[in-house]
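The following features are taken from TrEMBL:
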- 1-72: domain 'Lipoyl-binding' (DOMAIN)
- 87-133: region 'Disordered' (REGION)
- 97-120: compositional bias 'Basic and acidic residues' (COMPBIAS)
- 136-173: domain 'Peripheral subunit-binding (PSBD)' (DOMAIN)
Amino acid sequence: MPALSPTMTMGNIGEWQKKVGDAITPGDVLVEIETDKAQMDFECQEEGYLAKILADAGSKEVNVSRPIAILVEDKDDVEKFADFTAADAGSSSAPAKVEEAPKAEAAPKAEAPKKEEAPKDTTNATPSRSDAERIFASPIAKKIANEKNVSLGDIKGTGPSGRIVKADVESYTPAPKAAPAPATKAAPAAAAPSGAAYTDIPLTNMRKIIAQRLSESKQSIPHYYVTVEMEMDKVMKLREVLNKASEDKYKLSVNDFIVKASALALKDVPEANSSWMNDSIR
């Protein structure tokens, strides 16, 4: 797990852009990683083949420097790591198993022709199958596509190596799939009342860090409060009229009007009606 920001101590594993056996060249996006600041692509700086994925997509809070994948120089060495696990990488028995890797790496260095032949085979296979199975797109492009309910497979990328970027998704106008989009968007809103009266939103690393920093600032940094004076003449007159009409059955206070106004405001702006649940936002 690389440290992609100065304050990053752990990260979440997003979608792997390469699968076991795929050839990797410098600059290829290996995996998406969510840091404490943002979600970004991790570009591999070495040439070789992906032999084993040790941290599956969706893994949470993976510490920096923890092994997440194994790369080899020779494609024939990929099978040697089929049963290799993350525990093997961190256990005392790891050197015995990893001893095979240096031997396999030494061979391609001495035999230049073999190293050149391997990429030729992969380049012939990559354009047809690999690109069809894996869609290369930036994280922001995927997010916008999900919001618009647009399939990335229908979009032609204009980025490097055909990568789909933000502008490609925003400029794409689907013809047959335009009608289903509103229906799928409306589904979550309609489904919410039938189930629970609330929705829990999983926390990203960024939101966790923001919450941590806000708590620290509240506790350790001096702060001040800003107040505003409001004219409540009309509310006071309304309160007087309603209390007279109650015939002493009830008595409304100014606080009752404030609570009522707050409740109406929260219905108009549901995002403000949120609670911190430590592992999610409700």
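Just so you know, the numbers here start at 1 and follow the chain as drawn.
Any Cβ shown, glycine's included, is placed from N, Cα and C.
Remember, TrEMBL labels are computer predictions, not curated facts.
Remember, predicted model here, so these are calculated numbers, not experimental data.
According to DSSP, the domain 'Lipoyl-binding' (1-72) comprises 0 helix, 32 strand, 40 coil. When averaged over the domain 'Lipoyl-binding' (1-72), pLDDT in the model lands at 85. Helix, strand and coil residue tallies for the domain 'Peripheral subunit-binding (PSBD)' (136-173), in that order: 22 helix, 2 strand, 14 coil [DSSP].
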